Amino acid sequence: MLRSSRSRLVTRNILLRQFKNGNNVRLMNATRFQHNGIVGNEKLASDSQKFVDESYHWMQYRKQMNDPVSRQRLEQLESQWVKSIQLKQDDKGKDIDQPESENRKKEEEQVPTEEKDNDTAKESETSQQRDSVAETQGPASTSGGASGNGESSGNGSGDDGNNGSGNGKPSKNAKQPFPEVYPQVMALPISRRPLFPGFYKAVVISDERVMKAIKDMSDRQQPYIGAFLLKDSTVDTDVIHKADEVYNVGVFAQVTSAFPSKDEKTGAETMTALLYPHRRIKLDELIPPTSEQNLKDESDVSKSEGVENNEQEVVKASLQKMENMKDVEEDDDENLTGFLKDYDVSLVNVSNLADKEFNPNSPVINALTSEILKVFKEISQLNTMFREQIATFSASIQSATTNIFEEPARLADFAAAVSAGEEEELQEILESLDIEQRLEKALTVLKKELMNAELQNKISKDVETKIQKRQREYYLMEQLKGIKRELGIDDGRDKLIESFKDRVSKLQLPETVQKVFDDEITKLATLETSQSEFGVIRNYLDWITSLPWGIISKEQYSIPKAKKILDEDHYGMKDVKDRILEFIAVGKLLGKVDGKIICFVGPPGVGKTSIGKSIARSLNRQFFRFSVGGMTDVAEIKGHRRTYIGALPGRVIQALKKCQTQNPLILIDEIDKIGHGGIHGDPAAALLELLDPEQNNSFLDNYMDIPIDLSKVLFVCTANSLETIPRPLLDRMEVIELTGYVAEEKVKIAENYLSPSAKKSAGLDNANVNITENAIVSLMKHYCRESGVRSLKKHIEKIYRKAALNVVKQLSIDDKPMENEEVKDQKDIKVKQSENKSSAEASTVESTTEENELIKTQKSHDNKGSLEVPETVSVTVDENNLKDYVGPPIFTTDRLYESTPPGVVMGLAWTSMGGCAMYVESVLEQPLTHSTQPTLERTGQLGDVMKESSRLAYSFSKMYLAKKFPENRFFEVAKIHLHCPEGATPKDGPSAGVTMASSFLSLALNKGLDPTVAMTGELTLTGKVLRIGGLREKAVAAKRSGAKTIIFPKDNLSDWAELPENVKEGLEPLAADWYEDVFQRLFGDVDTNKGNTVWSEDFKKIDEKRNKETK
């Protein structure tokens, strides 16, 4: 009875250790109990396995100990096991004749013997793990053998084909089997692709806690982990914090080797571990790596173990022994994963996943297997690496079985392991437990791999073909060069071609241009230099490689800088400057200013060209200007055909070559004076393509014959008038009008810009030579009355040139020509050289010396500084001595008429030169008599519009006079002649109606008008005053002519409000809606009686004469 109880105690302790460790290796307990006589009992092994299968891990077991039903079942299994052991011992007759003391001694030695066997097994397993990587090359086999392969005598037991035993002693070099059940393991997240059973994978671990845990696991002979694929491939972690971070299906893997390494980027210490997956597992529960969770788990374990109060003292003692880990030396052996909690890593409770049963003879599985093998064969023909992997896998299959069709599951795993599929696809294969579905998914991934391999092979062949072709061409060209070098033939063509290729390598040619260049360079290489086409192609390639393909200057859109530049270059012109700043501000917001064509319209000399230069400076763009005034050949814009001798590209292409940037500012000057269609084409029509933002992105020059992008070019045009610009061309441009300057603006421009520049160019920069403000004002009144400042600039330059002449005369400087001195020096040098010819060496030395002296003399003459004018020499130009410098005045008075006779009125006109005063004169050709017939004669080179205006004004005047003064019959017999002075100047425009009507009425009423009144406006037949244009220019002209009152249409009040104050200053505006407003201002003092009787004496005589004739 004592023997029976002790045997139960030994058995109970062994079973409890197995439950805690989770080490349920098949029949291993039978090997460990050989020394105690417990050998080969199959029922014992079966009951032991049932007992183990009651719980998947140790935590569940301890909870079940509190359940009465589970505890009762445990006692039943224990009783059956002990009973079987006793019956087996009684059947064999062991221990019957032995004394009871000896039996008791054997039973007490059971536990140390078993523990010794465990130590021996662990040493063997450590040796197996160290040599596993070296022994296995390529995919490893997970199939177990049927019998032990170690040599032994006596009874031996098979252990998955890994270990053999004889007399209960395992072989020293035998492999330690991996556990079939391992409920709780450390979890390791894997990124990018999952692991598959039977196929090695190296992972890099950077977490220090995980590295220490793996090292400790290896030292404890338990290097097992659970590897799970991360759902987010961008996450880089070695610890799982939440279960939803990874897929719940992974692999149970063994760390076969681990060695330290370093991160190449950060230099941090890492560990490279080689993992060998054994089987699929499922994540049941995650134990996150938090201290709070660890404390909670320990508290739950303590409570669970504290309530264990079962009837068996042996079970209670074993549980207490496992809790008191510090008091027992075998604590680490009894708890395989408990030590990992100290490293704060993630632990998981897992369960094994087994493949579903399948029919090896299924036609679907066999067909899928055959198709996979076929795809493998095709890939192996394209990819060498695949070929090696397939060979290794085939060798491993042949070592375990003779037919690949017997293991389709391994074939599917191998296909997934070697394919570069998507993460989700590979994970689906790992989660597939149905072999048919796994084969289908593996085949899909493998088909994609085949497509990638075919594409890669095609690309590789194409690249290889190109490389071979280039190498062949290079080899032949080098041979050709060598042959020419030996024959002494060197025409420079090869160097020319190399220079073209070198220039192209620095450019970014579009694909179409690159193709043209390659074709032309190939053609050039086949031509002889003496052929005429060689020169044509050479020039063409020179132009292609000279254009700035892909070169763009960096723009700047600084508003303050642009404003500063505009103020430096121009005075006034506030409206124009604001418009340009708006343009730059829009470019700053958009980051570009392409697609805009600006047209500056204004009289000559107002700064249109200089404004364009200022815009280029403010935008940091290159500037190019060309004029199209009088251009009649379309080839100037579009270029000539290459077939012509001396053919050249158009002006725009030449601008790109000169500026060396694709975004210059090109100024097209005098666009209103461009020629029209003729035998050489229409240049204006060619400009349509050039200036159209929708078309100039692929501008086709006749010479280049390739599309050129001009959309980044900023085009600025200038014109004096919009009348002659073709309407389609005008629609493509944004017009900005530049008006003339008033006297105050001209004075400031002359003082701040024109005078300093002219003074410097005359060499009087440091001289005491000045022009007074009164002189400038007098210069504008009597010499320069144009709207711009070009004539003023010429007169100022003339003044400074005469002043320079006077300064030089005052200084009495010797004016001996410098050239004579140089000639004399050269003659002296030649004489010295001829005298020193006695010695060759002396001659050489002296001639060299003299030549150096001559060079120094020339340099000293060239670098001679400007003349300094003493302060005592002073020249002042004022209004009194102005005529000494520029001659007598051209305009002696401000107005043509100081007092206007009847019929003379000051009108205002707009011309391409700006505004001007235009007088209208009306006179009676002969006195009023009874025989004269009323007629109207017009002179002054009037245009058709002005002729119609005069006829309309004449009719309106007759109607208005008859209405206002019915007794005044002036127009019944008046023979009138209307003239506009300066008959050599053509005149036309729709704004002279009011002026002509006022002239007719002034003559009819025989009243002279105020000479300080200027007027403009067009009349209708009923007397309505219509809107006109160019009010600013006309106001400037009125002020320049000394007018004090300006009459204009009421509809132009908005234009008047926008005029600068310096223009409106001194002018009294009168906005007329009907002619009655004009009449009241001009003839307000004429009463009805006076108007009716002004010609009463003349008409009295006429009536008397007619009465006599009728009698």
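Yeah, the Cβs are placed from backbone N, Cα and C, and that goes for glycine too.
Taken verbatim from Swiss-Prot:
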type: ACT_SITE; residues: Ser991; note: active site
type: ACT_SITE; residues: Lys1034; note: active site
type: BINDING; residues: Gly602, Pro603, Pro604, Gly605, Val606, Gly607, Lys608, Thr609; note: ATP binding site
type: COMPBIAS; residues: 88-125; note: compositional bias 'Basic and acidic residues'
type: COMPBIAS; residues: 126-135; note: compositional bias 'Polar residues'
type: COMPBIAS; residues: 145-167; note: compositional bias 'Gly residues'
type: COMPBIAS; residues: 294-306; note: compositional bias 'Basic and acidic residues'
type: COMPBIAS; residues: 819-835; note: compositional bias 'Basic and acidic residues'
type: COMPBIAS; residues: 853-865; note: compositional bias 'Basic and acidic residues'
type: DOMAIN; residues: 185-450; note: domain 'Lon N-terminal'
type: DOMAIN; residues: 899-1085; note: domain 'Lon proteolytic'
type: REGION; residues: 85-177; note: region 'Disordered'
type: REGION; residues: 288-311; note: region 'Disordered'
type: REGION; residues: 819-866; note: region 'Disordered'
type: TRANSIT; residues: 1-21; note: transit peptide
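Each of the recorded positions Thr609, Ser991 was scored by other CB atoms within 10 A of its CB, and the lowest score goes to Thr609. Across the structure, Lys608 (ATP binding site) and Lys1034 (active site) are spaced 20 Å apart at their Cα atoms. Taking CA atoms as the reference points, Pro603 (ATP binding site) and Lys1034 (active site) are 13 Å apart.
Summarised as a single figure, the pLDDT of the domain 'Lon N-terminal' (185-450) averages 74. Within 8 A of the CB centroid of the ATP site residues Gly602, Pro603, Pro604, Gly605, Val606, Gly607, Lys608, Thr609, the other residues of that chain are Phe600, Thr718, Asn720, Leu738, Gly788, Arg790. Around the Cβ of Lys608 (ATP binding site), 25 further Cβ atoms fall within 10 Å across all displayed protein chains. Distance between Cα atoms for Pro604 (ATP binding site) and Lys1034 (active site): 16 Å, as a whole number. Pro603 (ATP binding site) has a Cβ environment of 23 other Cβ atoms inside 10 Å. Cα to Cα, Thr609 (ATP binding site) and Lys1034 (active site) are separated by 23 Å. In this structure the C-alpha atoms belonging to Lys1034 (active site) and Gly607 (ATP binding site) are separated by 19 Å.
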